[in-house]
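Colleague: Got these off Swiss-Prot a minute ago, pasting:
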DOMAIN    9-245  domain 'ATP-grasp'
BINDING   K46, G53, R54, G55, E100, Y103, E108  ATP binding site
BINDING   N200, D214  Mg(2+) binding site
BINDING   N265, G322, I323, V324  substrate binding site
Amino acid sequence: MNLHEYQAKELLAKYGLPVQQGILASNADEAAAAFDQLGGKFAVVKAQVHAGGRGKAGGVKVVKSREEAADVAATLIGKNLVTYQTDANGQPVNSVLVCEDMYPVERELYLGAVVDRSTRRVTFMASTEGGVEIEEVAHNTPEKILKVTVDPLVGLLPFQAREVAFALGLKDKQVNEFVKLMTGAYRAFVENDFALFEINPLAVRANGALACVDAKVGIDSNALYRLPAVAALRDKSQENERELKASEFDLNYVALEGNIGCMVNGAGLAMATMDIIKLKGGQPANFLDVGGGATKERVVEAFKLILADPSVKGVLINIFGGIVRCDMIAEAIIAAVKEVNVTVPVVVRLEGNNAELGARLLEESGLKLTSAQGLNDAAEKIVAAVGA
């Protein structure tokens, strides 16, 4: 689950991080009032969406008056912002953050942290190249990224934070300030089950003070059950409608941009199914794992989810019966096709537990369902059916 910038800053401020002052506004009048309240000659109006690249997309504007703040807010709020991290529809802007102007600054740094799957530990990343996408730095000048792995038994130690501060060229009081900042960030990361944390840029102001100008936080969704206060920050308007619906039925669904809907049991098999569709010249419209213990109801809902996507021109169902029985899946497919009134080609491949019985049920249903013998055959048939 992602947080908005204003939510991330409010959370990090509780752990002592020096964040840029800002006021949330949900309309033009509130934006104008926020400009007055900040009391500066300039302010920065930032669209609040769950996506990076806002500046290049016109979602971050410097304003010089309350009228200009109101105009920018009116332009952004109620619209969708399209960035390189969104799809063609973009993300809805429901509010803007009116922030104090902190520029010019002496330098822009980067500080971030993730859970490194290879070490299974929190790993901090820091760089002198702040203000740009860290992916660009990693690609062009990877030597400029410093990594620090934290031992979970002892936590982040002061000497580790000091080493990072020195590597970033910080001096005197800045070192102690950075140690407090990084230590607070680690506490926030662990106590709130972060999956991702970024301060970009971490500004060194003209007076030498550090300030978090932007903040990005992603929460591990599996931990939300024990984080009620954080879970309450969820903004469902920023999530894909079908993905949101899928979560209600414990379906693992990710929307893609192709035209072949996929329903598979098991994440590994789902990825293999998408791979072979691509290999045969098709484009998957989604990743959908109904799980090893799929029920009839979940399969019906999965079918509805797939067909709710107007770009879907055909559906490939690939089921390996282990825990789940293929005849039960077949019954669910038949019920779903009848209930949803499917008009696109549907190719079904069943293997494993009661596969023959399942295939017979599909054949005797009288519905226009195409059976496939093997994954290769299934992919070829669905790609041919949609004319990919």
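Cβ from N, Cα, C; glycine included.
Burial and contacts for the listed features, if you can.
Modeller: Counting only residues at least six positions away in the same chain, the Cβ atoms of T83, Y84, Q85, E133 sit under 8 Å from the Cβ of G53 (ATP binding site).
In this structure, D214 (Mg(2+) binding site) belongs to neither helix nor strand by DSSP; it is coil. Counting every protein chain shown, the Cβ of D214 (Mg(2+) binding site) has 24 other Cβ atoms within 10 Å.
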Colleague: Any idea what the Cα distance is from D214 (Mg(2+) binding site) over to E100 (ATP binding site), rounded to a whole Å?
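Modeller: Distance (Cα to Cα, whole Å): 12 Å.
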Colleague: Taking only the residues the record lists as binding substrate, namely N265, G322, I323, V324, what is the largest Cα to Cα distance between any two of them, in Å to the nearest whole number?
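Modeller: Largest pairwise Cα separation, rounded: 10 Å.
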Colleague: Among all the protein chains here, how many other CB atoms are within 10 A of the CB of N200 (Mg(2+) binding site)?
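Modeller: Its Cβ has 22 other Cβ atoms within 10 Å.
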Colleague: Using the alpha carbons only, what distance in Å do you get between R54 (ATP binding site) and V324 (substrate binding site) once rounded?
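Modeller: That separation, Cα to Cα, works out to 44 Å.
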Colleague: Roughly how many Å separate the Cα of E100 (ATP binding site) from that of G322 (substrate binding site), to the nearest whole number?
Modeller: 58
